[in-house]
């Protein structure tokens, strides 16, 4: 889905409406556009400016959009594989039954056809890039595979009645679900294996494998980071508990010291008070003794005076 200027100003690449597969340049709607399996416009926002913003931001922090893109491609490929299996089942029901031996020989021809198609597509690509020598080497390999195919076709032909051999035996491409004929010529094979549809599916499948690996590595890293943070947190808590314990011990020690000091101070005060009371009692006793002695002496003098 494309955006108008007003929407573009409001939407950021982190918005849920933005296609994360597009940001990672792997949306099937983009890759298969213009093929016979053109998916039309994506339901989410596609914008190259948002992709540029994402590429800049992803260098500074991990946004983990690979997980969204992986889920998208897995769903798409699972649906394609389901269609491939249905196509195989229909072929098995409609095509004439053949023995396992003949089927194996037909499969051999299909495999050689596939190899020829891939080599021709590669040779054409190298030629278009100006690498003529490498392209010629590939074409020489093609000739060798063609010779093997001719032998395989001869074995297949000899194993079947002439009427059955003329029937077009089809095969479903495991990559893109297209039908391939046992008797397809080189041009048809090259067009298929070098075509945008087949190459597009290869790109999607390879991108999916890459995303799975990236997601697994990032999840492992996140798990390790989470485990490290938990261990650090537990270590800090242990240190905090030890520190708190030492603090409590110091507080208890200071409290005991204060109690001892108060106790010693109180003991000194009590001793002082006791000594003070003792001195007071002694002074009172001495005072009473002196008073009694003076009184006794006066009485004695008075009695002496009386007798005189």
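Placement of Cβ uses the backbone N, Cα and C atoms for every residue, glycine included.
Over in TrEMBL, the protein carries these features:
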COILED    77-155  coiled coil
COMPBIAS  215-240  compositional bias 'Basic and acidic residues'
COMPBIAS  241-300  compositional bias 'Basic residues'
REGION    215-308  region 'Disordered'
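Per DSSP, the compositional bias 'Basic and acidic residues' (215-240) is made up of 26 helix, 0 strand, 0 coil. Same-chain neighbours of the compositional bias 'Basic and acidic residues' (215-240): 62, 64, 66-67, 70, counting only residues six or more beyond its ends whose CB sits under 8 Å from a CB of the stretch.
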